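What Swiss-Prot records for CYS24-CYS43, CYS38-CYS60, CYS62-CYS73, CYS74-CYS79 is disulfide bond. Positions annotated as signal peptide by Swiss-Prot: 1-21.
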Amino acid sequence: MKTLLLTLLVVTIVCLDLASTMICYSHKTPQPSATITCEEKTCYKKSVRKLPAIVAGRGCGCPSKEMLVAIHCCRSDKCNE
């Protein structure tokens, strides 16, 4: 019985740890291919404000506003495509 409880405890801890990370795209090309595991709960995508098809960067977190750059922040895995 103690072994079963210990096993359940370990599984719970592992599952909670996996749930605390996110997967975000992390690159500067239009093709979303490279991913990174993030501790933050948000992903971002930067693009040129007047030319949204030009991606200036993707990654973890939510950076502050910049002139001439549109920043889209989101809160789910691979949401910054």
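Note that Cβ sites are derived from N, Cα and C of the backbone, with glycine treated the same way.
Swiss-Prot feature annotations superimposed on the structure.
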{"residue": "CYS24", "record": "disulfide bond", "CB count, 10 Å": "27"}
{"residue": "CYS38", "record": "disulfide bond", "CB count, 10 Å": "17"}
{"residue": "CYS43", "record": "disulfide bond", "CB count, 10 Å": "28"}
{"residue": "CYS60", "record": "disulfide bond", "CB count, 10 Å": "21"}
{"residue": "CYS62", "record": "disulfide bond", "CB count, 10 Å": "15"}
{"residue": "CYS73", "record": "disulfide bond", "CB count, 10 Å": "14"}
{"residue": "CYS74", "record": "disulfide bond", "CB count, 10 Å": "16"}
{"residue": "CYS79", "record": "disulfide bond", "CB count, 10 Å": "17"}
Rounded inter-Cα distance in Å - CYS43 (disulfide bond), CYS74 (disulfide bond): 5
Distance [Cα-Cα, Å, rounded] between CYS62 (disulfide bond) and CYS38 (disulfide bond): 12
Distance from CYS74 (disulfide bond) back to CYS60 (disulfide bond), taken between C-alpha atoms, in Å: 10
CYS73 (disulfide bond) to CYS38 (disulfide bond) - Cα separation in whole Å: 14
DSSP three-state assignment for CYS79 (disulfide bond): coil
